[in-house]
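Take a look at the structure below.
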Amino acid sequence: MKVKKFVAWDYVVFAALFLVSASIGVFFAVKERKKKTSKEFLVGGKQMTCGPIAFSLTSSFMSAVTVLGTPSEVYRYGASFVLFFLSYALVIIFTAELFLPVFYRSGITSTYEYLELRFNKIVRLAATLIYILQTVTYLHFANHLVFFGFTVTGFDLWGSVVATGIVCTFYCTLGGLKAVVWTDAFQMIVMLVGFLTVLIRGTTLNGGLTKVWEVAYEGSRLNVFDFDVDPLRRHTFWTIVVGGTFTWLGIYGVNQSTIQRCISCKSEKHAKMALYLNLLGLWTVLACAVFCGLVMYSHYKSCDPWTADFISAPDQLMPYFVMDIFSSMPGVPGLFVACAFSGTLSTVAASINALATVTFEDLVKKCFPNLSEKLSTWISKGLCILYGALCTSMAAAASLLGGVVQASLSIHGMCGGPVLGLFTLGIVFPCTNWKGAIGGLLTGITLAFWAGVGSFVYPAPPTKSMPLPLSTLNCTLANSTEAVLAHRGDTWYSLSYLYFSAIGCLACAIAGLLISFITGPSKGEDIPPVLIKPVCNLFCFWSEKLKVFLWCGVRHDSPEVSSRTTTPRADELSAIAL
């Protein structure tokens, strides 16, 4: 079944998105032209408010991967993806109450500055390099998969890659973090409008909300709660809630892209409020994406375009659906593509800005500590251009790697999990020394990549991934060939991809603690209290003596700590640590 391709009005709507995004960059470049410091460019002078930051966070992490991947997941596997509601809530609580206060009060610009203050330069450098690898690799695969999904619209693949890279690099370089944040806020609105347009049209064409719900129920798409504890099962309650929490905590809790925007807020209260407002945004986008999947299943219940070979990959289902239902409404498909590309633009822009910040703060400034402010700003802008070109070229050269959701979360899990474990060791366990931190990080990375790479080489059999049945009863099949995949028996390589982060995090934490005790634990009195979060206070509130014992010598009750009224600067903390 052929569907119409893009027409002139679709390109006009799509081009308008790029024009507005670029205009925001120009606006902030002109407005902030007298502010020459690298701090203004990289963290907005730490004067941002919670509203735009919340929009920016939601837009960046609910990216085009969500717009394309989540409806496809629901269409094929059912609505269990909605359980990420619980994961997101746990992630935001841990980020706002455990990680953010430490980062904000430390006065840092790069998240990885904390690791030098807490451990040493070697630990900081190792984590920085892993972050750069993680971010570039994620953009390498995920954005190419997003662009590939839109080839069914007749939209030029390579043109979209180049246009996205140029526009993102343009407004990141001109306007810095403020341009990224406000552009993200605009793109978040576009994303929601696009989703709602598809939902309203799709629901109307398929007999209304009640009918869509009935068809989804009959097709077993509403079997959400599966409490099977088998870790080899792809999606169950436990893999999504437990594994998903670890995965997204690695993305949110200690990721430079998130923390950089939070610490750009004018106060810690604004930063926390941004995170909690962002949770509402995450829930809203997730609900739209899940229901889009159900509407799409209702529409194609008797003629699955993927099985019938009308499309070449499941990630093209959503664009195909949009072109199908809006075939008589020129310009509206362009709105949806603008919606998905809003996520792509915000993700790429946030990543470019974060990569530039990390590279400048953790690598350039360490090698050249006496740079002038003017030169620092120019170097920061040059790094934005460099990473923009790198991400664009890598997206164009990427090859396919499974579904967009699984591929992107797997990458974040394998790299983010061990780094999450490293920060947890530093913030929660005062006894951890730098040898334990390095040893734990290496252990976590090794095990996470062993599990992750093994799962790609030996994918799980259908009995574990359990795709739901799809019908081609009313289709004229485009191709009658049927792929037969050979699967090995059950092995631990079939572990759910959502557990990669948990493996890396727990392995890092356990190995780090063991190595620290073997080599001699750190002395708490030598660690600035602002670098440690006394989580034991929650569980030992009845006993001051027990709390002090579990502080491991960290002087949380010292007069200097209780009387301090301003946030310490990172260089002050470094002097204290020395």
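Glycine too: its Cβ is placed from the backbone N, Cα and C atoms.
TrEMBL assigns the feature transmembrane segment to residues 235-254, out of the candidate ranges 235-254, 535-554. From the options 50-69, 210-229, the stretch TrEMBL describes as transmembrane segment is 50-69. Count of Cβ pairs under 8 Å against the transmembrane segment (436-458): among 81-102, 122-141, 179-200, 235-254, 275-297, the largest is for 122-141.
With a cut-off of 8 Å between Cβ atoms, the residues of this chain six or more beyond the transmembrane segment (235-254) that come close are 61, 77, 80-81, 83-84, 86-88, 90-92, 94-95, 98-99, 111, 225-229, 409, 412-413, 415-417, 419-420, 423, 466, 496, 498-502, 505. Long-range contacts of the transmembrane segment (81-102) within the same chain, counting only residues at least 6 positions beyond its ends with a Cβ under 8 Å from a Cβ of the stretch, are 70, 73-74, 114, 224-225, 235, 237, 240-241, 244-245, 247-249, 252-254, 258-259, 262, 268, 271-272, 275-276, 278-279, 282-283, 286-287, 289-290, 293, 423, 427-428, 530-533, 535.
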